[in-house]
């Protein structure tokens, strides 16, 4: 079976004037089909760069990136990317936003509307089709972004700290809903976060990155059934294990 | 009727009152100035009103009524405006998307945009004929505001939205038509509004060289030669009012089009 994502000694450096900035160095890990993997690392460690490389938005400086066995290309493969920042089109309604990806993928108009409505229902936004983004809350905007990403039936879901800007209650609600959707749709997910608890709550596997330039510090399987209780002793022990690794990196800065 | 709408109605009435008061004060000052000066070249409001009625009902010395003058000027300006927008928007999009190209042409564009339309008159007389003269002079007024606002709109486009579109597999055409253009549309509309205003203000300059005896600019020039300033003022006031009406029309369109903008909600 093809891996959903395969990263082999991936490095990325940017030229800054005459010197070069190494963001990622010799990064190797993979994501299995239908697996939910979280990447945690200190801020500024190149997590977003990693996601951009996996999404085919920029090539690695060296190493190999394969998504379902081929170099990632959003023109050929289907990626559902959810950004940290608000990425809704403010001039389109909620429905129009969900239809956006389908338009790019050349769905017929009637089909677009049908599919978009199905996914708005999945994220619990039926009845909000004709609202504009400025009329809905931050959590609802995230739901729209998720519906938009899922509507194109992506091969791979990439999430870049999607819930970082939300308040604590909304964030934990969104995490639970995301897991519900994931178990329903069977998708491979790469979820980037700096929130260790979020990673333990969501992921089957957590990849801890070192500080810049990023390498894999540790990969930890979270062997807990869903839904997970945040206050259960095994949850806390996983959290502590990852926090320890994480803090070693923070102190090194 | 509840308290809020009562208050709204009250404040609206109040601003209407102030607005009409200032118009009345203006006419009183005009009247005072005219009776103080007692000059045949400074008509009082009443003689301007009489000239207005004459031009509307009877027409000018050549028999053209005010409506006809206005229509002809509108036709010329709208034609120049159409050419100005059809060039300003696409070129603005192109220069906004390609900063290197913009930097390359900036040393040409920047000085040219400070040349007033009147300065172009001799060249247009030598090089152009008929309708092309009008269109060119008005184009000079329309093009630059449209161009600069379109570039500003493109620059304001969020990088996140462009990246989002790329992750869905959007090509450059999609990104221009579905992201950059709609995102820049508020600035483009603003540029069109300003451009139409400036183009309309170029009408007198354009009709100076147009040759035909009809048009609001022509009306002013004709009666200036006859030293009949009351009718000159009729032309001036009409230009002002039509410009105002066009401005409000586009503002109205903007409000309807950009309901999605947070700034316009209030």
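Each residue, glycine too, has its Cβ placed from N, Cα and C.
TrEMBL labels come from automatic prediction, so no person has curated them.
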Given ranges B:16-36, B:37-57, the stretch to which TrEMBL attaches the annotation transmembrane segment: B:16-36
Quick one: sort out which of B:117-148, B:149-180 is the transmembrane segment according to TrEMBL. B:117-148
Taking 3+ C-beta pairs under 8 angstroms (sequence gap of 6 or more) as contact, is the transmembrane segment (B:191-211) in contact with the transmembrane segment (B:78-97)? yes
Same-chain residue ranges lying at least 6 outside the transmembrane segment (B:16-36) that approach it to Cβ under 8 Å: 42-45
